[in-house]
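Quick look at what Swiss-Prot annotates:
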type: BINDING; residues: Gly175, Ala176, Ser177, Gly178, Ser179, Gly180, Lys181, Ser182; note: ATP binding site
type: COMPBIAS; residues: 1-17; note: compositional bias 'Basic and acidic residues'
type: COMPBIAS; residues: 74-85; note: compositional bias 'Polar residues'
type: DOMAIN; residues: 121-382; note: domain 'ABC transporter'
type: DOMAIN; residues: 484-691; note: domain 'ABC transmembrane type-2'
type: TRANSMEM; residues: 500-520; note: transmembrane segment
type: TRANSMEM; residues: 535-555; note: transmembrane segment
type: TRANSMEM; residues: 576-596; note: transmembrane segment
type: TRANSMEM; residues: 599-619; note: transmembrane segment
type: TRANSMEM; residues: 620-640; note: transmembrane segment
type: TRANSMEM; residues: 641-661; note: transmembrane segment
type: TRANSMEM; residues: 728-745; note: transmembrane segment
type: TRANSMEM; residues: 760-780; note: transmembrane segment
Amino acid sequence: MSRFVDKLPLFDRRPSPMEEAEGLPRSGYLGQLHHHQYYQPHSNMLPLEQSPPTSTKHTSVTLAQLLKRVNDARSGSSTPISSPRYTIELGGSKPESVSSESDDHHSDDGGSEGQPRALVLKFTDLTYSVKQRRKGSCLPFRRAAADEPELPAMRTLLDGISGEARDGEIMAVLGASGSGKSTLIDALANRIAKESLHGSVTINGESIDSNLLKVISAYVRQEDLLYPMLTVEETLMFAAEFRLPRSLPTREKKKRVKELIDQLGLKRAANTIIGDEGHRGVSGGERRRVSIGVDIIHNPIMLFLDEPTSGLDSTSAFMVVTVLKAIAQSGSVVVMSIHQPSYRILGLLDRLLFLSRGKTVYYGPPSELPPFFLDFGKPIPDNENPTEFALDLIKEMETETEGTKRLAEHNAAWQLKHHGEGRGYGGKPGMSLKEAISASISRGKLVSGATDGTVSVAASDHSAPPPSSSSVSKFVNPFWIEMGVLTRRAFINTKRTPEVFIIRLAAVLVTGFILATIFWRLDESPKGVQERLGFFAIAMSTMYYTCSDALPVFLSERYIFLRETAYNAYRRSSYVLSHTIVGFPSLVVLSFAFALTTFFSVGLAGGVNGFFYFVAIVLASFWAGSGFATFLSGVVTHVMLGFPVVLSTLAYFLLFSGFFINRDRIPRYWLWFHYISLVKYPYEAVMQNEFGDPTRCFVRGVQMFDNTPLAALPAAVKVRVLQSMSASLGVNIGTGTCITTGPDFLKQQAITDFGKWECLWITVAWGFLFRILFYISLLLGSRNKRR
């Protein structure tokens, strides 16, 4: 099998265009993990260049310490730095002599075969099946056609998968699409419900509590779920606020962020926003590394990644895996799925697990791929990437009836022949889980969530009790700190997208201007009364329709929210309240803008008190409308589903508000909808604010004939009709006599069951209710585990 060597010097070399574009360090810990590896057919070691150790003493070091030593060497000495050999272990054996601090680390953790390991993640006979429905059928009772094959009721995604991953190594899960790669990563990361997953997953031979696993591990999704308007440094700093212990000073958190930025090669992009389709930001490779950084901010002991190189070019993909290799060598267990690794990436992987239709078809180091397939009768050509050959062969075998089964049986026989029944590769755990976690903390691992406050950046107190499920709090921060951090982050996002608020304000002002010019200075005639009814109905429904733009807000953040709450970054209640706090000031501005545009122009009554009540009911309408849209955003999963639901529901609310049909004319079987109509209460509130004064008269004398057939009669005839009515009724009715006052008109409209202040508070209560329902929807609908 052919290999190649990158001959570029490690120091004082010119940066490549990709490095200049993505800000990768030219020297330091990551700069020394070079682009090409020399992969020898009869050796399990990868020689790499590295800066010299400052001491020959065997000590475990963290990434931060290595970075500090390199920086100190560069800044504090003018002597040229030599480049001794640095070795990354690929197989189970170790060379006789190595001179690097990584060797010290491996030596401490049991890197050589037979020596104890600090952490061993072992999974045994993992099996997971899901119910399967016939394609194209929405009805479960649909009968199959005669020529249609009967599908099995259950589909097995994982079928007896076993293996182990160790600290200091990267285990890569490979396979074609649908082979079960992501499912296995989810199973190991405890993202599948226990009642659905069969088999066992242990760390150092012990089952682990779910809360403790969330504290010591991280899960990186395939998608880059980041706020586009935050800079790289801000994104990582907010992650530090959520994941690092509250006892850790802010300066230490900032220090950790700076170190992580250097570690990820993001120094040049630190002050660049993430960006999206409408805003230029970091490159795809940098965005991927930021996504990884968000989840490793607390320096997790276990790291699970679902295809971290997906969608990246070869150079960016290699740098991402290089970062993961550095994380593994700092003492973490790294498990990731990957579609098709290149030669260079293969040189960084320690253990491979190939899946085909949920079965294990190869498990072992990359160096054993050639003899494995040679023994199977399919030798790997010398000039071909072993993983590409393996994936192509596996895909070909899947087309055969018993192809996958044959390959899986060959793997089982190979494992039994070369590694025995235990399927182990090298060392076993030399300490208990608690001891291993304590040892990891003492090496500088940042384990978030310890209630005793003993965890810090450079925790070195070996006497401190190890964290356990009982000593680990569910959340790092108390409620009020979560509120502050979430509110601050949301305000930054809002401030950097002013166009969103400007468009909303423009919509309100344009609507108010149109209404003001149409209903300009309404009089107190019967026609003016009818025109007021139309103005109030349109105005109050407009408040709700303009709130529909709140629907995409949470939908755009949904997956970020799911990622952050999967590891208890914050409480759902904190998110709901901070979301409310950030959105409320804009509602106040919109309310005053609409009221100032319409109240005096239309000629509404009430003076100053009436104006401020009008502002209050408009604000309450915005509050209830935004709450309704927010609640729906927690229920629906896509904006294309949400908008039809919002618009149609608001149309029903307007229909049953009492404007088109009075309450006493609504059929009894629809009366319940009248009382849950969001438009009913603000509509009745402004009606009472306008017509509640008994001293105001809206129909006088002959005006009673308006909107009747008698309206066409001459004025003199109308007066004689009034005189005849007066004589008949015994009541003096003249042309100036008040026939209908404001309260009389409210009775005609059946607006009698609630006062105007009651309508105001009911509208406010709707807003609170919908936000409570939004919180409940987050509790019920944000499960991060498969069923």
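Positions of Cβ are set from backbone N, Cα and C atoms, glycine also.
The Cβ of Ser182 (ATP binding site) lies under 8 Å from the Cβ of Gln222, Asp306, Glu307, Ser337, each of which sits 6+ residues away along the same chain. Counting only same-chain residues 6+ beyond the ends of the transmembrane segment (576-596), those with a CB under 8 A from a CB of the stretch are 482-483, 486-487, 490-491, 494, 501, 504-505, 508-509, 511-512, 539, 543, 546, 550, 554, 611, 614-615, 618-619, 622-623, 626, 630, 771, 774-775, 778. Against the transmembrane segment (535-555), the recorded stretches 500-520, 620-640, 641-661 differ in Cβ pairs under 8 Å, and the greatest number is found for 620-640. Residues 561, 572-573, 575-576, 580, 613, 616-617, 620-621, 623-624, 626-628, 630-631, 633-635, 678, 681-682, 685, 754 of the same chain, all 6+ positions outside the transmembrane segment (760-780), place their C-beta atoms under 8 angstroms from a C-beta of that stretch. Remote same-chain partners of the transmembrane segment (641-661), defined as residues 6 or more beyond its termini with a Cβ less than 8 Å from a stretch Cβ, comprise 533, 536-537, 540-541, 544-545, 548, 551-552, 555, 628-629, 632-633, 670, 673-674, 677-680, 683-684, 749-751. Across the domain 'ABC transporter' (121-382), the model assigns an average pLDDT of 88. Remote same-chain partners of the transmembrane segment (620-640), defined as residues 6 or more beyond its termini with a Cβ less than 8 Å from a stretch Cβ, comprise 540, 543-555, 558, 579, 583-584, 587, 590-591, 646, 649, 678, 682, 760, 763-764, 766-771, 773-774, 777-778, 781. For the recorded ATP site, residues Gly175, Ala176, Ser177, Gly178, Ser179, Gly180, Lys181, Ser182 set the reference point as the centre of their Cβ atoms, and the other residues of that chain within 8 Å of it by Cβ are Thr183, Ser337, Leu355. Packing around Ala176 (ATP binding site) is summarised by its Cβ count: 18 other Cβ atoms lie within 10 angstroms of its Cβ, all protein chains included.
Counting every protein chain shown, the Cβ of Ser177 (ATP binding site) has 8 other Cβ atoms within 10 Å.
Note: Gly180 (ATP binding site) has non-local neighbours Leu157, Leu158, Ile161, Leu355, Arg357, Gly358, i.e. same-chain residues 6+ apart with C-beta under 8 A of its own C-beta. Sequence-distant neighbours of Ser179 (ATP binding site) (same chain, six or more apart, CB under 8 Å from its CB) are Leu355, Ser356, Arg357, Gly358, Ile394, listed in sequence order. Sequence-distant contacts of Gly175 (ATP binding site), defined by Cβ-Cβ distance under 8 angstroms and a gap of at least six in the same chain, are Lys181, Phe354, Leu355, Ser356, Leu391, Ile394. Gly178 (ATP binding site) is surrounded by 14 other CB atoms, counting those within 10 A of its CB over all protein chains shown. The Cβ of Lys181 (ATP binding site) has 23 other Cβ atoms within 10 Å, all protein chains considered.
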